[in-house]
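Enquirer: Got a structure for you, questions after.
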Amino acid sequence: MQHNQLLEQLYSGHSLSTSESTALFNAVIQGELSNEQIAAMLIALKVRGANTEEITGAVAASLQNAKVFPRPDYPFADIVGTGGDGQNTINISTASAIVAASMGAKVAKHGNRSVSSKSGASDVLTALGVNVNVTLEQARQALDEIGVCFLFAQQYHSGFRHVAPVRAALKTHTIFNILGPLINPARPTYHLLGVYAPELVKTYAETAVALEHQHSFVVHGSGLDEVALHGETQVAEIKNGKIEYFTLTPEDFGLKTQSLESLRGGEPQENTQYLTALLQGKGKAEHANAVAANTALLLKLFGYDDLKQNVQNVLAHLVSGKAFETLQKLTTY
């Protein structure tokens, strides 16, 4: 009966503690709630707005029930956005992960099929020839050997299948849209997390503290769940339990403002062509700049503090074609 009491608590507008949220989401992930109960719970949370404790509990339950990834002892990062910003851009964080890895960083990218865009991380990687359904061991091997691996959310969080039909029927943002970036089964040392709404920056930052993230950035870039070059980027930096909020502009990266329109993507096949050209050093300048800015902030987590220098290094590195070599290696796993 405990589930019913917790559900009743939500229906009456009351918040759940972290442990209560963990218990309720455990029940969801283990298939103990009906579709109707899941739908009611998701809407109750949406109408009131899930708080830090509730999100932290949902993350805890998700990780407790996920397949266990053999976590390496070296530092590694994830760069991932919530999706759902509705902007249909090229796959900036996917490209940034590959570029950073080709420059010596280690990145275990967590991702899924498209939420709202035409082409999610796994859609475009599949189109590029990457096997997104590799085993845990193969993913870990790729991370060790070439510095990057892709962890396909559906493979690691099989309990989410109980929620899938409800989410599809509701056709609206729910708490599950904001869980994705926080539930990487490899539990990375560092995170660059993009959120689709500015008000989520604070919520996410506080959740990252509750989850004891070592060093993370949460970003919202003028309507994008990435660092923006068409406007300002709101940033929360989480380090050793402390949060610092600040704003980044294109000038902070040594770049000029460019239009959001210049980053529009399309179907996976079209995005694949853009990304292939970019990683070969033959892409559009606007694409290269956007990936350079996001990779620059990602590299800051690894101790490369000068964003302008990072951008210059990334742009020079792209021309070498080494990032494309890393992608080609990734397709062999």
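Including glycine, each Cβ sits where the backbone N, Cα and C put it.
Per Swiss-Prot, the features are:
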type	residues	note
BINDING	Gly81, 84-85, Thr89, 91-94, 109-117, Ala121	5-phospho-alpha-D-ribose 1-diphosphate binding site
BINDING	Gly81, Asn112	anthranilate 1 binding site
BINDING	Ser93, Glu226	Mg(2+) 1 binding site
BINDING	Arg167	anthranilate 2 binding site
BINDING	Asp225, Glu226	Mg(2+) 2 binding site
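Could you give the neighbours, burial and distances for every feature on this list?
Expert: When secondary structure is read from DSSP and collapsed to three states, Arg113 (5-phospho-alpha-D-ribose 1-diphosphate binding site) falls in the coil class. Just so you know, the Cβ of Arg113 (5-phospho-alpha-D-ribose 1-diphosphate binding site) picks up 15 other Cβ atoms within 10 Å once every protein chain is counted.
For Asn112 (anthranilate 1 binding site), the number of other Cβ atoms no farther than 10 Å from its own Cβ, over all displayed protein chains, is 19.
In the three-state DSSP scheme, Glu226 (Mg(2+) 1 binding site) falls into the coil class.
According to DSSP, Arg167 (anthranilate 2 binding site) sits within a helical segment.
Taking all protein chains in view, 28 other C-beta atoms sit within 10 angstroms of the C-beta of Glu226 (Mg(2+) 1 binding site).
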Enquirer: Cα distance, Asn112 (anthranilate 1 binding site) to Ser93 (5-phospho-alpha-D-ribose 1-diphosphate binding site), nearest Å?
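Expert: Cα to Cα, Ser93 (5-phospho-alpha-D-ribose 1-diphosphate binding site) and Asn112 (anthranilate 1 binding site) are separated by 12 Å.
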Enquirer: Reported as an integer number of Å, what is the Cα distance between Arg113 (5-phospho-alpha-D-ribose 1-diphosphate binding site) and Arg167 (anthranilate 2 binding site)?
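Expert: For Arg113 (5-phospho-alpha-D-ribose 1-diphosphate binding site) versus Arg167 (anthranilate 2 binding site), the Cα atoms are 14 Å apart.
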Enquirer: May I ask which of the binding-site residues Gly81, Thr89, His110 is closest to Glu226 (Mg(2+) 1 binding site) if we compare their C-alpha atoms?
Expert: Gly81
Enquirer: Can you give me the Cα-Cα distance between Asn112 (anthranilate 1 binding site) and Gly81 (5-phospho-alpha-D-ribose 1-diphosphate binding site) in Å, rounded to a whole number?
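Expert: Just about 10 Å between their Cα atoms.
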Enquirer: Who sits close to His110 (5-phospho-alpha-D-ribose 1-diphosphate binding site): which same-chain residues at least 6 apart have their Cβ under 8 Å from its Cβ?
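Expert: The answer is Asp78, Val80, Leu151, Ala153, Gly180, Pro181, Ile183, Asn184, Pro185, Ala186.
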Enquirer: Just going by other Cβ atoms within 10 Å, which of the binding-site residues Thr89, Ser93 has the emptiest spot?
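Expert: Comparing Cβ neighbour counts within 10 Å for the binding-site residues Thr89, Ser93 gives Thr89.
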Enquirer: Could you state the CA-to-CA distance between Thr89 (5-phospho-alpha-D-ribose 1-diphosphate binding site) and Asp225 (Mg(2+) 2 binding site) to the nearest Å?
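Expert: Their Cα atoms are separated by 10 Å.
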